[in-house]
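Reviewing the structure listed below.
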Amino acid sequence: MLATTHMLYVLIATCVIPIFGAALSKTVLYQAPDECRWSGGGEHDITLVCHLRTINSELENTNFSVIQPQNTVRLRLECNDALFFQSSLSPDSFRSLVELRDLTIEYCKLGNLTDGSFRGLQELRNLTIRTHNGDWSTMSLEMASNSFVEFRQLERLDLSLNNIWLIPDGMVCPLKSLQHLNASYNKIQDISNFYFSASLSSRKARVCGSTLQSLDLSANKMVSLPTAMLSALGRLTHLNMAKNSMSFLADRAFEGLLSLRVVDLSANRLTSLPPELFAETKQLQEIYLRNNSINVLAPGIFGELAELLVLDLASNELNSQWINAATFVGLKRLMMLDLSANKISRLEAHIFRPLASLQILKLEDNYIDQLPGGIFADLTNLHTLILSRNRISVIEQRTLQGLKNLLVLSLDFNRISRMDQRSLVNCSQLQDLHLNDNKLQAVPEALAHVQLLKTLDVGENMISQIENTSITQLESLYGLRMTENSLTHIRRGVFDRMSSLQILNLSQNKLKSIEAGSLQRNSQLQAIRLDGNQLKSIAGLFTELPNLVWLNISGNRLEKFDYSHIPIGLQWLDVRANRITQLGNYFEIESELSLSTFDASYNLLTEITASSIPNSVEVLYLNDNQISKIQPYTFFKKPNLTRVDLVRNRLTTLEPNALRLSPIAEDREIPEFYIGHNAYECDCNLDWLQKVNRESRTQPQLMDLDQIHCRLAYARGSSHVSLIEAKSDDFLCKYASHCFALCHCCDFQACDCKMECPDRCSCYHDQSWTSNVVDCSRASYEQTLPSHIPMDSTQLYLDGNNFRELQSHAFIGRKRLKVLHLNHSRIEVLHNRTFYGLLELEVLQLQSNQLKALNGNEFQGLDNLQELYLQHNAIATIDTLTFTHLYHLKILRLDHNAITSFAVWNFLPSYLNELRLASNPWTCSCEFIDKLRDYINRHEYVVDKLKMKCDVISGNSTQQMVIYPGSGEPASLPVVQCSQTLPLGLDNNFNYAEQAGGENASNATSTKMILNQPPKLDYIPILVAILTAFIFVMICISLVFIFRQEMRVWCHSRFGVRLFYNAQKDVDKNEREKLFDAFVSYSSKDELFVNEELAPMLEMGEHRYKLCLHQRDFPVGGYLPETIVQAIDSSRRTIMVVSENFIKSEWCRFEFKSAHQSVLRDRRRRLIVIVLGEVPQKELDPDLRLYLKTNTYLQWGDKLFWQKLRFALPDVSSSQRSNVAGQSCHVPINHASYHHHHHVHQQAMPLPHSVHHHQQQFMLPPPPQQPGSFRRQPSLHQQQQQQQQIRGNNNTTQQQQQQQAALLMGGGSVGGPAPQMIPLAGGIQQQSLPLPPNQQPTPASRNLHM
């Protein structure tokens, strides 16, 4: 047993220890320094990447010895390219990395490489040093001749982007295994130091570069290539010397390059080529000479290059004298010839005869005006012929003879006015034909011979109609481009045989009409451009195109638009710059559409609703319209929204639910809305917008909120402010009269809770009626105050009138008044208790009047007054009790009056923040001045103390003296300096009596001054207590009476108790036996509010009510009046959702109105009215006005809306609270008996559908059946499958994207990578040149625009 256990332990140790050791060794082996990380795939393809600031600079020293040498095979060092500090490599820097095979140094600003910089790297195979020293124009990389002496096995050396000026002698000679050398993008002028010349090498007994296979010297400063300069490179296959400044090549510059296959001399300054240049390079396969100035070609210069496949002579100055039959003799294997952008004006008839293998011929951008007959007859393998941008005017019958394998023919940007009918007879394989930008007046009949044609471009011609049948027979045509012609009418049948057509571009024509059904046979169409025409209607054009995903009809004259005009699979739609006034949705199919990008900008839209916008939309442009109203919940249930643009419209206000979104998941970005550049009014309905970006995830992110400016409905200063800078009490609405819902005396003249604006005044309120501003400024009131000043006024402006005097208790009852302006009103007298009852008054402005005295009781009761302005009056006397009870006074202005003496130190509050006393004729009595100065010294809030002066009367003259001089500042007037007897500067004959009053002592007391007078008691304390208690009791009784409804609602919502509720009176005998708790009557346009807000809260809340919704639960086809009567009889309450939509739609229908009136005339107590949004009173029906007066009236958005609604509804039983909403609908409706009526469009359109809230519905007593038919709609899952199938069919390959770009974006041949199709407001643009979204539409450019 013990032996068995021992063996088991040994076995476990044998298995576990190697595994643990391997894991541990791998962890230890692949440890990287702090600045480095390992990257790559397998164990044998791993690279150590180090991100350094610099190497051995003044900032830091770099120690590469910390890198593990045994596992580091590949090392990449990247310095910070933002730091301009020089790096350096010290000798033996990499000596420890003996296994290193690949070393890359990038962005390290090395100035030199010393002899021992790379000592020890004997196994290195690849070395890349790119310092990017070109970032420093004065810094270059200098190398020692022995810098690379260690690299005996180096195969690849990259020294590009180092700003190298000079190569050390024989630098690469020690590199016996070097195969690839890249020294591009430097400043090298002379390559003789490379010792690549056999003659120089033999002279110095050194042979260098014999193993090189590729040499890249492009983008340097070489000006010439002498004879045999590269003759030692016998194995060289690729030579790149492009982008230099070479203007001279020696006759035998390529001597010794026997293995050369590819030579690139593009972008130099060559004007000619030596005749013997290619004498020893007979293996050449590719020659690139484009972008030079070659104007001479020696005859037969290419004659011995039998292996040549590619010859690129584009962008030179060759003319017809040097491009002739002798030029291409011997090039029997040439496959691509590029002669574009030269000066060729004519071609010999047999010029291309030696080129039997030619496949691609480019002759664009020359001066060719005619093509000899049969010129291409020997090019039987040619598949691409580019003749764009020449001067060809006619294509004759034999011009294209022999091109039986031609696939692409580009003749665009010529002067072609005629093509022979048989000119394309021999081009039967042609697939892409470009004839745009010519002078064709009709579609060429020659097209009848190219039945395999896939793309045809005849844009930018003068074609006015499609008459011949040549184009109608192109059954394989994939894309047709006819933009910028003169087409005026498209008749039905023109495109019928083009069954493969997927892209159609008819933009920028003069089309006024397209016959309905013209495209019904082209079911494969995916993209259509009709922008820039004169179409007035698109009805019947696109409904039969199930695969259409892209449609541009902008810049036309459309006045009507309906979603029934487009297929449900359309994903991108542009209708901007038309005359559309409404986004119609007659069949209510917004939930079935697939639109993701929709541009309806620059139209005449005035209103948008939820049905105006498809539910699938992601990007929506509605800018530059005339939109003045956005219906509530317009953007609700649009889950894919990412951006909405509403700038430059006519919006003046937005209610909170106008931008309401469905709740957004936390992992999704909130949609971005742009709503700026509208004439907003900062009224009471817009205060919510200021903080919308701080709301929950049911409101969008307003990206331009800080740029929104609005006009204040009421402003006593600037009327335009930035929205985010507006104060909360700036958001006001104007009103003439208003009566609160709980006010019961509105029909009587004397009604305190009725807000009625006085004559000649303007009145404003905020959303919650917290602010109530009454402005009667300069209203020409004489002697008396305006009548009926609202009791709830918070700001009252009466300035600029003529009142003379204000009676006692003039403002009694205005207990909420905070600001009162009475300035500039010629007031002479304030009676006692003038402002009594203004318990909340904070600001009182009485300046610039004619007050002469304050007798003590004028401001009694203003316990909360904070600011009192009395300047610029004629006040001479002030009673000592005037200000003593103003405990919260902060600002008091008494300047510019007639006060001579007032003991401010005894009778002013000590908690002031600002006091002004200047410009009064203060007495210079030393007793007064000493106390006044002491008061000023102790209180900093006397802000005008330096301006205070007193008057000294001496004889017939009055002298002013400074009371409180500034420190260190000379006074312009003498300063009062009191001694024990006289003020300083006055003689002993000065009469103090004269100082007080006049010329003699008898007048000395003429100015009234009451000092230290004992306070008067106006009321007996007991009487005050009794009166206070009585007032308190009366206020409590009044509050209970006024707010009795709120109290009942609160008690019901909190405790379930109904106060003052007579069960015998309020409950019908059979009420509890009724099937439903409430029948909800509403407009179909408000269905979203009912289904998403009202019904879920009532049916699924704590008290689960059973509701009957007519849009959901009524049998389709039933007789509506009788059905409504039965629904109301079966319900304990009737909820009527009154909105502008309800008034303009359902209530105006005779049957609906009659049914409601007949049932509700005697049952008004059972009716609950919910007002949704603003309902214009003038448009209300008289019956509705009566309903609103006599029934429970709830405003959506009220803070206690749900509590009041539940209070108005009957109580539900406890058993019902636990039931699931809707389970009382026992009898399911027989859907087979449904009947549905529509005036169907001439094309069959899918009927709208909605997802039912309940799976079961109740059955009302059967109404009279109407004949008709009902078509059950597909489920949501089926719709998603259909949309996915449509999207799947629209997937295109890269080749199709190339064709789309050419057909939709511009004319010309297709070359290079396909531009990506990017849907923007202006159409699909090239990704490299995107247009700004929603720019003013302009005619499409020929190349960049679609």
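Glycine is treated like the rest: Cβ placed from N, Cα and C.
These numbers come from a predicted model, not from an experiment.
The signal peptide annotation in Swiss-Prot covers 1-21, and the record cites sequence analysis as its basis.
Taken from Swiss-Prot, the feature topological domain 'Extracellular' applies to 22-1021, supported by a curator's inference.
Remote same-chain residues near the repeat 'LRR 1' (97-120) are listed as 47, 52, 54-55, 64, 67, 69-81, 84-91, 126-133, 135-136, 139-144, 146-151, 162 (criterion: CB distance under 8 Å, separation of at least six residues from the stretch ends). Annotated repeat 'LRR 1' per Swiss-Prot: 97-120, in sequence order.
For the repeat 'LRR 2' (124-146), same-chain residues at least 6 beyond its ends with a Cβ under 8 Å from one of its own Cβ atoms are 81, 84, 86, 100-115, 118, 153-171, 174, 185, 187. The repeat 'LRR 2' annotation in Swiss-Prot covers 124-146.
According to Swiss-Prot, the feature repeat 'LRR 8' maps to 282-304, an assignment based on sequence analysis. With helix defined as DSSP H, G or I and strand as E or B, the repeat 'LRR 8' (282-304) counts 0 helix, 4 strand, 19 coil.
Long-range contacts of the repeat 'LRR 9' (306-330) within the same chain: residues 266, 282-297, 299-300, 336-348, 350-355, 362, each at least 6 residues beyond the stretch ends and with a Cβ under 8 Å from a Cβ of the stretch. According to Swiss-Prot, the repeat 'LRR 9' annotation covers 306-330, on the basis of sequence analysis.
Residues annotated as repeat 'LRR 10' in Swiss-Prot: 331-354. Within the chain, the repeat 'LRR 10' (331-354) has long-range Cβ neighbours (under 8 A, six or more residues past its boundaries) at 290, 302, 305-320, 323-325, 360-376, 378-379, 386.
The repeat 'LRR 11' feature in Swiss-Prot is assigned to 355-378. For the repeat 'LRR 11' (355-378), the model's average pLDDT works out to 95.
Summarising the annotation, Swiss-Prot assigns repeat 'LRR 12' to 380-402.
Feature annotation from Swiss-Prot assigns repeat 'LRR 13' to 404-426; the stated evidence is sequence analysis.
Annotation comment: Swiss-Prot describes 546-568 as repeat 'LRR 19', evidence class sequence analysis.
Annotation source Swiss-Prot lists repeat 'LRR 22' at 615-637, citing sequence analysis. With a cut-off of 8 Å between Cβ atoms, the residues of this chain six or more beyond the repeat 'LRR 22' (615-637) that come close are 576, 590-591, 593-609, 643-652, 654-655, 657-662, 671, 674, 700, 1085, 1088-1089, 1092, 1141, 1172-1173, 1319, 1321, 1333-1334.
Residues or ranges marked as repeat 'LRR 23' in Swiss-Prot (evidence: sequence analysis): 638-661.
Cys682 (disulfide bond) has a Cβ environment of 28 other Cβ atoms inside 10 Å. DSSP assigns Cys682 (disulfide bond) to a strand in the three-state reduction. Among the features that Swiss-Prot reports, disulfide bond is placed at Cys682-Cys710 (among others).
Within 10 Å of the C-beta of Cys684 (disulfide bond) there are 22 other C-beta atoms, taking all protein chains into account. Among the features that Swiss-Prot reports, disulfide bond is placed at Cys684-Cys733 (among others), with the record citing similarity to another entry.
Here the Cβ of Cys763 (disulfide bond) has 24 other Cβ atoms within 10 Å, regardless of which shown protein chain they belong to. Per Swiss-Prot, the feature disulfide bond maps to Cys757-Cys763 (among others); the stated evidence is similarity to another entry.
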So if I draw a 10 Å sphere around the Cβ of Cys710 (disulfide bond), how many other Cβ atoms end up inside it? 24
Would you mind ranking the disulfide-bonded residues Cys761, Cys776 by how many other Cβ atoms sit within 10 Å of each Cβ and giving me the lowest? Cys761
Would you mind listing the long-range same-chain contacts of the repeat 'LRR 8' (282-304), meaning Cβ under 8 Å and 6+ residues beyond its ends? 242, 258-275, 310-319, 322-323, 326-331, 338
Checking the disulfide-bonded residues Cys733, Cys776, Cys924, Cys950, which are within 10 Å of Cys682 (disulfide bond) at the Cα level? Cys733
By Cα-Cα distance, the member of disulfide-bonded residues Cys710, Cys757, Cys761, Cys763, Cys950 nearest Cys733 (disulfide bond): Cys763
Intrachain residues whose Cβ lies under 8 Å of the repeat 'LRR 12' (380-402), provided they are six or more past its termini: 340, 356-371, 373-374, 408-420, 422-427, 434, 439, 446, 1308-1309
Excluding the flanking five residues on each side, which residues at least 6 beyond the ends of the repeat 'LRR 23' (638-661) place their CB within less than 8 Å of a CB in that stretch? 596, 601, 606, 613, 615-632, 669, 671-681, 683, 685-686, 688-689, 692, 697-700, 704, 1173-1174, 1197, 1333-1334
What number of additional C-beta atoms lies within 10 angstroms of the C-beta atom of Cys757 (disulfide bond)? 21
Other same-chain positions with a Cβ less than 8 Å from the repeat 'LRR 11' (355-378) and lying at least 6 residues past its termini are 314, 328, 331-349, 384-403, 410
So which disulfide-bonded residues out of Cys684, Cys710, Cys776, Cys924, Cys950 end up within 10 angstroms of Cys763 (disulfide bond), measuring C-alpha to C-alpha? Cys776
At the level of the C-alpha atoms, what whole-angstrom distance separates Cys710 (disulfide bond) and Cys924 (disulfide bond)? 54
What's the number of neighbouring CB atoms sitting within 10 A of the CB on Cys950 (disulfide bond)? 23
Within 10 angstroms of the C-beta of Cys733 (disulfide bond), what count of other C-beta atoms is obtained when all protein chains are considered? 19
